[in-house]
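Undergrad: Once you've had a glance at the structure underneath, I'll fire off some questions.
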Amino acid sequence: MLRFAITLFAVITSSTCQQYGCLEGDTHKANPSPEPNMHECTLYSESSCCYANFTEQLAHSPIIKVSNSYWNRCGQLSKSCEDFTKKIECFYRCSPHAARWIDPRYTAAIQSVPLCQSFCDDWYEACKDDSICAHNWLTDWERDESGENHCKSKCVPYSEMYANGTDMCQSMWGESFKVSESSCLCLQMNKKDMVAIKHLLSESSEESSSMSSSEEHACQKKLLKFEALQQEEGEERR
């Protein structure tokens with residue numbers, strides 16, 4: 001049954017990618033394709049907008065630098081904080097669905113990707129004791145001639161920079177993410193996203209504020225079924 005769910009996700013992924021392609025960033029492909037040898041971001045290996053060699057930068061902890069951006073300007077991130085930061089990086093660089101939320105003003109960027117409240121709260125909890133100097137990681141850096149990032153402000157704890165998980169999710173990457181009012185029609189950067197994506201795509205022609213209660217109910221029902229299948233699969237492997 002879990003294999004059926006994965007197959008369904010592959011079908012959804014294929015149809016989505018034909019419609020949206022990939023973002024137009026410096027590491028993105030023109031269109032998603034399989035990358036079976038990914039070192040990280042394996043959630044997207046069956047249909048990826050990044051090449052496998054890009055993920056080498058994310059494969060070893062602690063992560064120092066990704067492309068021309070250093071992650072350790074205020075000291076190394078804790079492993080738990082690094083893991084969440086990596087999930088966001090993987091989504092932006094590799095997800096075949098990211099272009100569903102492309103920013104029309106800048107086609108290498110995303111806008112208003114719906115994240116689950118629980119994901120944002122867990123991310124904040126993981127990073128609250130780490131330090132940061134840029135409120136917006138996209139704009140609040142001093143960039144040198146090579147494009148590398150340097151702090152313009154002093155390093156402070158995440159818990160001082162951001163009030164809570166909602167503030168962090170809706171500030172750290174500028175307008176890239178928003179916290180969803182739904183607990184199902186939102187992304188968690190894990191396999192459960194295969195359920196949410198199907199229903200988010202069906203709402204793609206609607207205004208984001210007009211959330212369909214029927215879609216919410218259908219999503220919740222399928223999410224419960226998916227979780228049960230995952231639990232069943234885990235028990236079979238024991």
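Note: Cβ is positioned from N, Cα and C throughout, glycine not excepted.
Relevant sequence annotations retrieved from Swiss-Prot are reproduced here:
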| type | residues | note |
| --- | --- | --- |
| DISULFID | CYS22-CYS49 | disulfide bond |
| DISULFID | CYS41-CYS90 | disulfide bond |
| DISULFID | CYS50-CYS94 | disulfide bond |
| DISULFID | CYS74-CYS155 | disulfide bond |
| DISULFID | CYS81-CYS127 | disulfide bond |
| DISULFID | CYS116-CYS186 | disulfide bond |
| DISULFID | CYS120-CYS169 | disulfide bond |
| DISULFID | CYS133-CYS151 | disulfide bond |
| DISULFID | CYS184-CYS219 | disulfide bond |
| CARBOHYD | ASN53 | N-linked glycosylation site |
| CARBOHYD | ASN164 | N-linked glycosylation site |
| MOD_RES | GLN18 | pyrrolidone carboxylic acid |
| MOD_RES | SER204 | phosphoserine |
| MOD_RES | SER205 | phosphoserine |
| MOD_RES | SER208 | phosphoserine |
| MOD_RES | SER209 | phosphoserine |
| MOD_RES | SER210 | phosphoserine |
| MOD_RES | SER212 | phosphoserine |
| MOD_RES | SER213 | phosphoserine |
| MOD_RES | SER214 | phosphoserine |
| SIGNAL | 1-17 | signal peptide |
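Please situate the listed features within the shown structure.
TA: In this view, CYS22 (disulfide bond) is surrounded by 24 other Cβ atoms within 10 Å of its Cβ, with every protein chain counted.
Just so you know, the Cβ of CYS41 (disulfide bond) picks up 24 other Cβ atoms within 10 Å once every protein chain is counted.
All protein chains considered, the CB of CYS94 (disulfide bond) has 30 other CB atoms within 10 Å. In this structure, CYS94 (disulfide bond) is part of a helix by DSSP.
Long-range Cβ proximity for CYS155 (disulfide bond), meaning a same-chain Cβ under 8 A and a gap of 6 or more residues, is found for ARG73, CYS74, GLY75, SER131, ILE132, CYS133.
Long-range neighbours of CYS127 (disulfide bond) (same chain, six or more residues apart, CB within less than 8 Å of its CB): LEU77, SER78, SER80, CYS81, PHE84, THR85, TYR158, MET168.
CYS186 (disulfide bond) falls within neither a helix nor a strand when secondary structure is assigned with DSSP, and so counts as coil.
Close to CYS120 (disulfide bond) in the fold, though at least 6 residues off in sequence, lie GLY165, THR166, MET168, CYS169, VAL179, each with a CB less than 8 Å from its CB.
Neighbour count (other Cβ atoms within 10 Å of the Cβ, all protein chains): 15 for CYS151 (disulfide bond).
Sequence-distant neighbours of CYS184 (disulfide bond) (same chain, 6+ residues apart, CB-CB distance under 8 A): VAL195, ALA196, HIS199, GLU216, CYS219, GLN220, LEU223.
Following the DSSP three-state reduction, the secondary structure of ASN53 (N-linked glycosylation site) is helix. Here ASN53 (N-linked glycosylation site) comes close to no residue that lies at least six apart in sequence on the same chain with a C-beta under 8 angstroms from its C-beta.
Note: ASN164 (N-linked glycosylation site) has non-local neighbours ASP121, TYR124, i.e. same-chain residues 6+ apart with C-beta under 8 A of its own C-beta.
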Undergrad: For CYS50 (disulfide bond), write down the residues of its own chain that are at least 6 apart in sequence and whose Cβ falls under 8 Å from its Cβ; none is a fine answer.
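TA: Residues satisfying the criterion: THR27, HIS28, LYS29, GLU35, CYS41, TYR44, ARG93, CYS94.
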Undergrad: Please report the DSSP secondary structure of CYS127 (disulfide bond), reduced to three states.
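TA: Looking at the DSSP assignment, CYS127 (disulfide bond) belongs to a helix.
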Undergrad: Could you list the residues of the same chain, at least six apart in sequence, whose Cβ is under 8 A from the Cβ of CYS186 (disulfide bond)?
TA: PRO114, LEU115, CYS116, GLN117, PHE119, VAL179, SER180, ALA196
Undergrad: Write down the Cα-Cα distance for CYS151 (disulfide bond) and SER214 (phosphoserine), rounded and given in Å.
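TA: Computed Cα spacing between SER214 (phosphoserine) and CYS151 (disulfide bond) is 47 Å.
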